[in-house]
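Trainee: Take a look at the following structure, please.
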Amino acid sequence: MPPPPHIKPENVLKRAQELIGVNQQQAALSVLHEHVTSKRTRNSTIASLEPVMLLFVELCVDLKKGKSAKDGLYNYKNTSQNTNVATIELVFRRFIELAEQKVKEAQQKADDVSGAGEAKEGEETDLKDVGDLEAMETPESILLSTVSGEQSKDRTDRAIVTPWLKFLWETYRTVLDIFKNNARLEVMYQTTAYQAFDFCKRYTRKTEFRRLCELLRNHLQNAAKYSQQVHAINLSDPETLQRHLDTRFEQLNVAVELELWQEAFKSVEDIHTLLSLSKRQPKNSMMATYFERLTRIFLVSENYLFHAAAWSRYYNLLNVASRSVAAGASKKDNPTNISDADLSKAASFVLLSALAIPVISTTRSRGALIDVDAARNSKNGRLTNLLGMNTPPSRSILFKDLLNKDIIQRARPEIRSLYNILETDFHPKSICGKVSPVLAQIGADEELRKYVLPLQQVILTRLFQQLSQVYTDVKIEDVLALAQFPEPFQVSAATIEKFIMNGCKKGDLSIRIDHSTGILTFDQDVFSSSKALHAGSAAGSAEASGSSVQRLQSTPSEIVRTQLSRLSKALYMTVQYVDPTFNEDRYKLKLAALKRAEAGAEKEHVDLLARRETIQKKKENAASAQAAKQRDEEQKRRLRQQELQAAETERLTQEAKDRDERRLQAERKKVQREEAEKQLKELKKGVKGVDISGIDIDDLDSGRIRMLKLQALEREKNEMSEKLRTTGKRIDHLERAYRREEIKHLGEDYEAQREKDQKAYEASKQETMQSAEQKHKEDVALKHRLSRLVPTYETFKRDITEARHADFEKRRKAAERELNQKMEQRRKEVRDQKALERRRQEEEERMRREEEERAAREAEEAERAAEEKKAKDAEAKAEAEQRRQERAEAARKQMEREAEAEARRLERKQGGGAAAGAAPTRSLEGMRRAPPSEESAPATSAGGPPKLNLQGQQGKPSWRERAAMKERGELPTESATPPPAPPADERVVTEQAAMPKRGGYLPPHLRGKTAGADSMPPDAARERPTERWAPRPRQADGERSESPAGAGGGGSYKPPGARSGTPTGAGGSTGGAYRPPGRR
């Protein structure tokens, strides 16, 4: 949705240009600021917003509205960064160009005002004198404004140039703040940083440069902290990291040029941090600049040891670069000063800086506190890391490196001779004489002159060290004569004495000075606490414990210290020559020790490994503890620093607040005084009779001035009232006198006035009659002249009227026809519309009826489907219930048949035991009707599981029965037929005839029998056991029961048609059907 017309960028731009045309720049800026900071601006196109922003930044620069410009540019950056980055760079570049142009115009104006001859000189001086551009008003300016009425040239230049310099500085800060931590605007960010560096260097703005470095450092820290934000820069990207490195190197160069060594050192630390993050090998040219700046920083800080180490690293880098270029590497990535002359110059600086390292340190004495030494070690560790070295450097290590890399041969001859004099030769009485020509040559070179002072310290150290090897007492005059240097570098006796005291304080020298005799005595006390007696006591010395000074003889203290060791050596040699057995005992002891060593070598090796491991663990624990301690100390130090910084910031904020409060109070008092003076002047001018000569303006306020004014006005009002009363009274008396005198002349005056009026009336009447008569004559003449045109006019009028009437009629008829056509067309449209509406309603009604019918059908189908489903579910449920009942009935029948079969088996067994001489083939019905015998009763009641009745073919005994009968000789013949069944009981037959015919499963042993064959008397039925499984009676030894299958052969299968003896009829039933016990 496009924005409303009144907020379109084109309208806003046009309105702003109109306001600028009438010199209303402030109103135009307000209109543009309101538009560019509005949220609706995001809906506008970039092409329409860009001219608005360009005009907006121009007005902001002209009116010095930095805050408004920052708000508008920030919103424009958020609007355009996702679509068009080029327009952002265009607008911001225009903003910076306008600010720089204003500064140049201000400088030109200052030159025109103060004169072209002394403008530049005065300008540079004035701009350097301005300490802080962000300070609103300095105390000096306030004092100058109070004591001087006219502005001098300096103040004029400051008033013209300084405000625009301040605005340009705010411009750079604004752009950097907006572009920070944005990968899309990273190139513009670095370009603006370069421009800010050039601004600080061109105008020597040291304070602003410190703030700029701190601002860039905070931006980098925030970029690493908020790396997850949208469009955040990625420090892992090599290109981004390289751009930041280039910016930090430019920052380092500007800091060195401005001689801001603390900022230079911080820049070096920033560069080292970025180099540690970089995965790409830095360029040799970049690292050469890095080490060269480090040499200057260490030299200014008088840290000659690390200054020499930095020169060594610089020379090594130049040497590697020269070899790479000789091997065919690109010259672009390597430094340009890699010729032989440049390498010789670098080697001379390396050797001279190493020689200038003081042997006696200028740090604290050997009684320094432990925490100070720890802080010093921590500082040395940081400096070592900046140089990229593994271990802290020392004077001896640097000289060893010089000898190994043949740097001494590349150095200048005079510096090589200086090395030989100081480090190789021993000449205490001529050392200064030999060194003086070399110092003169070094002092003549402007670049080497800065090494003369530390070299004097080294020369004096070597002088006293060599004198102490030769002499015990030396006159002070002789020492002063020996310590002679060239005239520009001559040292005084007080300087030499101070040097001796400092050496004794550090523990490097042991000298006493007797001013009464003028003797300088080297300490000969055999119990003196010198550096040699206490290793490490001279912890501040830059030399190692093994001094490079040649030793001609031992001192008395060394003789006393070593006398016992020398006596033991002498006695040892004497015993070897006097006692021959001593050597044999030594040899035997040596052999025994060797054997013991061989025997315990393995164990000792294991112990050594264990001890090494223990030592390693202890070292690791100690290192961990030390690291934890360092971290804790660093954390505490950081907290202390933060607290101090917070306190300092709070103090500065409070001071600024108090200063602003005092300034506002002074301005308020000034405004009040001016307002009081203005009111008093107005009171003096506007109100008369006010005496303010004795009133102090400082004691007045607006209320008192208002009261004085009211009193004066009240007094003036009273006086005026009195004057008016007096004057009115006087005028009343005068008017009364006039009227009394006037009454006397009223009649005469009336007559005179009457005659005058009559004459005037007559004259007016005569003039009116004459003018009317003249006008009438003219009108009559005009009528006669125009009467000739009346017929022509009438004819023309009639023609025109007829033509107009005909045209009107024609148009009226056409309009009527058109109206009728329109009316007919409208009627047709209405009829068509009504028909269409009727058809639409009919179609809707038809669709509604079809929808209702379809819904009814669907409802009926759903209902029918539900009913069918319900019927199917009922049928399935009934079938399932029927199947369940059939299965239950079958199970019940099976259980009854099993119970009946078991009962029959028991009856057969019991019946066999009762009739011992009877034939074995009995019918099952007879067995069922036979009462149980008394012998089988105990067996029936006896416990035990029943035996399964496994029967074979019908009419055949089982194999067990055949085997038992064979043993007894009673094996029946196969042709034997079962005896006829006894007649059935009439009652049982009647009961069976009354029962319905039943089908189902018929056991084999019951098939082919008559209906009453299986019937049982009621008494026998009542005497059957009620248990489901009746116990099987136990048999005697050798006795075996008959198989039921052999009883009459009723167990064989016969088809239904071949079955005999089965009665059929209406009331009969099959003999093999299952019958419950109650119906048998």
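Cβ atoms here come from the backbone N, Cα and C positions, even for glycine.
Worth saying up front: this structure is predicted, and the values here are computed from it rather than measured.
From TrEMBL, here are the annotated features:
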type	residues	note
REGION	107-131	region 'Disordered'
DOMAIN	343-527	domain 'PCI'
REGION	617-676	region 'Disordered'
COMPBIAS	648-676	compositional bias 'Basic and acidic residues'
REGION	749-780	region 'Disordered'
COMPBIAS	749-765	compositional bias 'Basic and acidic residues'
REGION	810-1080	region 'Disordered'
COMPBIAS	810-910	compositional bias 'Basic and acidic residues'
COMPBIAS	958-971	compositional bias 'Basic and acidic residues'
COMPBIAS	1020-1042	compositional bias 'Basic and acidic residues'
COMPBIAS	1053-1063	compositional bias 'Low complexity'
Trainee: Residues sitting near the compositional bias 'Basic and acidic residues' (749-765): Cβ under 8 Å, six or more positions beyond its termini, same chain?
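Mentor: Long-range Cβ neighbours of the compositional bias 'Basic and acidic residues' (749-765): none found.
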Trainee: Of the residues in the compositional bias 'Basic and acidic residues' (749-765), how many are helix, strand and coil by DSSP?
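Mentor: Residue counts for the compositional bias 'Basic and acidic residues' (749-765) by secondary structure: 17 helix, 0 strand, 0 coil.
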Trainee: How many of the residues that make up the compositional bias 'Basic and acidic residues' (810-910) does DSSP mark as helix, as strand and as coil?
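Mentor: Counts, helix then strand then coil: 101 helix, 0 strand, 0 coil.
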Trainee: Suppose you look only at the domain 'PCI' (343-527); what would the mean pLDDT be?
Mentor: 80
